[in-house]
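**Q** Supplied in structure tokens, the structure appears directly below.
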Amino acid sequence: MSARTPLPTVNERDTENHTSVDGYTETHIPPAKSSSRQNLPRCRNSITSATDEQPHIGNYRLQKTIGKGNFAKVKLARHVLTGREVAVKIIDKTQLNPTSLQKLFREVRIMKILNHPNIVKLFEVIETEKTLYLVMEYASGGEVFDYLVAHGRMKEKEARAKFRQIVSAVQYCHQKCIVHRDLKAENLLLDADMNIKIADFGFSNEFTVGNKLDTFCGSPPYAAPELFQGKKYDGPEVDVWSLGVILYTLVSGSLPFDGQNLKELRERVLRGKYRIPFYMSTDCENLLKKLLVLNPIKRGSLEQIMKDRWMNVGHEEEELKPYSEPELDLSDAKRIDIMVTMGFARDEINDALVSQKYDEVMATYILLGRKPPEFEGGESLSSGSLCQRSRPSSDLNNSTLQSPAHLKVQRSISANQKQRRFSDHAGPSIPPAVSYTKRPQANSVESEQKEEWGKDTARRLGSTTVGSKSEVTASPLVGPDRKKSTASPSNNVYSGGSMARRNTYVCERSTDRYAALQNGRDSSLTEMSASSMSSAGSTVASAGPSARPRHQKSMSTSGHPIKVTLPTIKDGSEAYRPGAAQRVPAASPSAHSISASTPDRTRFPRGSSSRSTFHGEQLRERRSAAYNGPPASPSHETGAFAHARRGTSTGIISKITSKFVRRDPSEGEASGRADTARGSSGDPKERDKDEGKEAKPRSLRFTWSMKTTSSMDPNDMLREIRKVLDANTCDYEQKERFLLFCVHGDARQDSLVQWEMEVCKLPRLSLNGVRFKRISGTSIAFKNIASKIANELKL
């Protein structure tokens, strides 16, 4: 993979009738078919009858749905041979037209040739006649976007650590002649160690010097001025502009360019004027002036940006340099020996690795080089469906590799630095104490498609982060001090606003694009319909009353691999945020209005995990759905986020919310709230007795979503939470011993908010905390009710 394989360049005009697939949207270079052995084998050892019922795809036991759309769904899965967690994206090829399939496979092909520690990585491709399965790593840190929503702007030291990784990864793509074209906060993921992973290569393409690209794609607030002008471009320069917007966003928590509609946004981008916050350093301001340059010819190259003073503050002896891709370790004797015990032949292993087949053999080899999943709360590795029976706590101690100097950052949550302890190909030593399951000889096929390809919308499928191939020390983590700072006006942006998700879209032809972007045609953008898979609200409110508006997610027309988190409440109602909290993917029941000062502001329809691609001619045919922006008030800065979040109102989250929705009496149903789980779950005191005192709260490593902490007994905390919920007329259902699913508001008035409250253990602080996690509803409505409840809790 170190030698770049030339990619066929897809004609930029060849994209009409494009239909996006959750994050995979551009070209047909068929991936290697999976071997016959890949027909869904099972792990023989340590499988109980319960786990036996779980569906399989290849060597992966599917567990939870973490994203779903019209043509694809994403499942959290576990590799039965190694026990590693992965994300499996299941795409129904029969629903895609030839152009969409071509783009889908181009994205897969591009992902195969990228090998950088800060870019998501593909593990395995399994293709059948009707379905494509993409196996990727699942990341637990969530999006940078969600991080900003929850915590506000980053301090420059923290932003620098992240931005160095972003620049390194993008420059690596450019040196391989690949342009991303959809760089934004939503497409930047964080792994368990808070390292950046760039995701969603659905709009990426190969570029060649002298040949211009002409597709206008990406999210408008991050789009370069030449795109708004309908000009052709080389490629890298549009990514450089987007990086400038990202840097501004990291440091300020708001966008440098924004508008109430596309016309206003276009005018501001073409002016190139943006507000410099008082707290921004001069060095950072100077770097922005190199990135956000109107003339693309004068815009700095990433090689020049790497040498910038701000980029290297604190790294004077390890100036950021272009990433040198290491030689792949294709002959790790320990991993190969383990695979032989699983039933793989040595010749088969060698052939798969040398040919880079991305089949079950290569995937197993790569996964063996990655650190095993960490189990909290004393969970045993032999439980559930794991085939890896035991794992010494020190099994990876000797596998730490030195991270590239330009990617080294320190972890702020503790005094000692913790390095990433694994590498995909320069694999760690595998301790002999770890035993793995033999590969079965007989292959059974279990179709996992019991669920229909739902039209239930999920929150954007995010992108699964994929393993780094060289070691990187952890980026700064969030500690308790960070939580406090989010409530501080000094570290929060302007009040009343909200950082909104932005739609990524495509105009293929310059004539169509030009028409769509003219002053008199700003309404053409409003004719875009909502994406086929709209996402549910997923932002996390700050830890307390904040004077800063929150980031509203940019919705892209191309989908993401997936965002990772832990399992969710139910199949079909999960999400991927850190802390194992579960999100319910579904259409948001509310149209989100952030500020009373902009009641009649039109809004971009909430996009989806797989973002629909829009073309110039399609713009004229689709109904109005205006681009949302902040009020055009002189008191608002150009970069302030004041966008409304809007979800499709076609349905409330099925399976869960039906019991909470207020019904209109005229529909023949009982008015008021339907029976709540609170009523059906029985007396809380009786339930406490029934479940016994042995149950313990789940342990969390981080305090990101903690509204409050206490030394009180968890059962007493749970009773206090119920008391406050009752006092605020909130409905709730006890999903687990210390987990409540809560609902407040009226769906008919678009004020319905759904969230989780969980009592968790914080072992590092020797305290218990209350974790809040929004599932649906506007970020402002959630923040209001969550803050009210948190303030009333007497813990």
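Cβ atoms here come from the backbone N, Cα and C positions, even for glycine.
So Swiss-Prot lists these for the protein:
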BINDING   ILE66, GLY67, LYS68, GLY69, ASN70, PHE71, ALA72, LYS73, VAL74, LYS89  ATP binding site
COMPBIAS  447-459  compositional bias 'Basic and acidic residues'
COMPBIAS  523-547  compositional bias 'Low complexity'
COMPBIAS  585-599  compositional bias 'Low complexity'
COMPBIAS  661-676  compositional bias 'Basic and acidic residues'
COMPBIAS  683-697  compositional bias 'Basic and acidic residues'
DOMAIN    746-795  domain 'KA1'
MOD_RES   THR5  phosphothreonine
MOD_RES   THR208  phosphothreonine
MOD_RES   THR215  phosphothreonine
MOD_RES   THR613  phosphothreonine
**Q** DSSP secondary structure for ASN70 (ATP binding site), reduced to helix/strand/coil, please.
**A** coil
**Q** Taking just the CA atoms, what is the gap between ALA72 (ATP binding site) and THR215 (phosphothreonine) in Å?
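**A** ALA72 (ATP binding site) to THR215 (phosphothreonine), Cα-Cα distance: 25 Å.
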**Q** At the level of the C-alpha atoms, what whole-angstrom distance separates THR215 (phosphothreonine) and ILE66 (ATP binding site)?
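**A** Each residue's Cα considered, THR215 (phosphothreonine) and ILE66 (ATP binding site) end up 31 Å apart.
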**Q** Mind giving me a neighbour count for THR215 (phosphothreonine)? Other Cβ atoms within 10 Å of its Cβ, every protein chain shown.
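**A** Counting Cβ neighbours of THR215 (phosphothreonine) within 10 Å gives 26.
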**Q** Across all chains shown, how many C-beta atoms besides its own are within 10 angstroms of the C-beta of LYS68 (ATP binding site)?
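**A** Counting Cβ neighbours of LYS68 (ATP binding site) within 10 Å gives 30.
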**Q** Note down the number of other Cβ atoms within 10 Å of the Cβ of THR208 (phosphothreonine), including every protein chain shown.
**A** 12
**Q** Just how many other Cβ atoms lie inside 10 Å of the Cβ on ASN70 (ATP binding site)?
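**A** Summing over all protein chains shown, ASN70 (ATP binding site) has 22 other Cβ atoms within 10 Å.
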**Q** Treating G and I as helix alongside H, and B as strand alongside E, what does DSSP give for the domain 'KA1' (746-795) in helix, strand and coil?
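**A** Across the domain 'KA1' (746-795), DSSP assigns the residues as follows: 17 helix, 20 strand, 13 coil.
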**Q** Please determine which of the binding-site residues listed here (ILE66, ALA72, VAL74) has the lowest count of neighbouring CB atoms within 10 Å.
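**A** Least crowded of the binding-site residues ILE66, ALA72, VAL74, by Cβ count within 10 Å, is ALA72.
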